[in-house]
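S.K.: Straight from Swiss-Prot, here's the annotation block:
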BINDING   ASP27, ASP80, GLU152, GLU154  Mg(2+) 1 binding site
BINDING   ASP173, ASP175, ASP236  Mg(2+) 2 binding site
REGION    1-98  region 'N-domain'
REGION    116-258  region 'I-domain'
Amino acid sequence: MGLNLKDLVVREKTTLEAFSNKVIAIDAYNAIYQFLASIRGPDGLQLSDSEGRITSHLSGLLYRNVNFLSLGIKPVYVFDGKPPSLKTAEIERRKQIKMDATIKYEKAIADGNMEDARKYAQQTTSMKDGMVKESKQLLTYFGIPYIEAPSEGEATAAHLTNTGQAYASASQDFDSILCGAKRLVRNFTNSGRRKIPNKNTYIDIVPEIIETQKTLDSLELTREELIDVGILIGTDFNPNGFERVGPKTALKMIKQHSKLEEIPQIQEQLEEIDYQEIRKIFLNPEVADVKEIVFENVNYEGMSNYLVRERSFSEDRVNSTLNRLKKALEKKSQNLDQWF
């Protein structure tokens, strides 16, 4: 479900160009799910190759990373490991949502309502066997490093911002902030023009950056207190949150009482969750100890062969895209040489 801190954090609109020459630690699963959900045909079906294997994730990774590298951005993808045991309820909740959406999708198709069909199809998105391996293979051709987190990917991404190995973490979820990320970038892998469902209207989605310390200063909270605000609203580890408590009420409660244990009206509900363990997951998460982040040269031939010959991508489109990347990187290299 992610954490609903949208109305509380200090968000500043920015551009992708602002992250040139910066390492950005991307929540890999979050990005890949976005590609799988959004890159679809008019009927809501995902893109696929000649053997029927889904390729929407590969298409998203191809075009986004070409864009990143062309702008001088240095992406690092952080993949999830084993989820904390407290996440089981949230995982089951997501499965049920997908099952319900599948029924609605089939009805929309039968009714000929393609707008609803596409909407419900996006809600059925799931990571199939092999997609993670395929994504890592494509990243290797790009020369883009990826990291295997021991548990939640966004926690390791947050950790990298604190070791100075990354400028910011990138995810649509706000959890990185509770995990201690110095900066969080939203709309990083899905910026662009998007159609509003059921309306003939488009909006421009732009990246936004959240400086954690600015948010804490604005709210006059410590990180520990913000974690308690998050628990009141609902996290992946207590997805239902607390009854009749939204972001503003949660903030008011913590500003008045400082911590969960001191809020009289929630004590009965508080006994139903392991709030101490949830705090621990955010304050002291399991993270990967990354010695060095190494970027390699792009393997243009290997990438083209994989996408065109093995995954049925258009040869003209792939080669055109890779040529654009090659020219952009050559231009940046020439500009750099002029300084020496």
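Just so you know, the numbers here start at 1 and follow the chain as drawn.
Keep in mind that glycine also has a Cβ here, set from the backbone N, Cα and C atoms.
I would like each feature placed in context: is it buried or exposed, what are its neighbours, and how far apart are things?
M.R.: Cβ neighbour count for ASP80 (Mg(2+) 1 binding site) (all protein chains, 10 Å cutoff from its Cβ): 20. Look at ASP80 (Mg(2+) 1 binding site): DSSP puts it in coil.
Around the Cβ of ASP175 (Mg(2+) 2 binding site), a 10 Å sphere holds 28 further Cβ atoms from the protein chains shown.
Across the region 'N-domain' (1-98), DSSP assigns 44 helix, 18 strand, 36 coil.
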S.K.: Work out, from DSSP, the number of helix, strand and coil residues along the region 'I-domain' (116-258).
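M.R.: For the region 'I-domain' (116-258), the helix, strand and coil counts are 64 helix, 24 strand, 55 coil.
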S.K.: Among all the protein chains here, how many other CB atoms are within 10 A of the CB of ASP236 (Mg(2+) 2 binding site)?
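M.R.: Summing over all protein chains shown, ASP236 (Mg(2+) 2 binding site) has 22 other Cβ atoms within 10 Å.
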S.K.: Excluding ASP27, ASP80, GLU152, GLU154 themselves, which residues in that chain have a Cβ inside 8 Å of the centre of the Cβ atoms defining the Mg(2+) 1 site?
M.R.: ALA28, TYR29, ASN30, VAL78, ALA149, GLY153, ALA155, THR156, ALA157, SER171, ASP173, ASP175
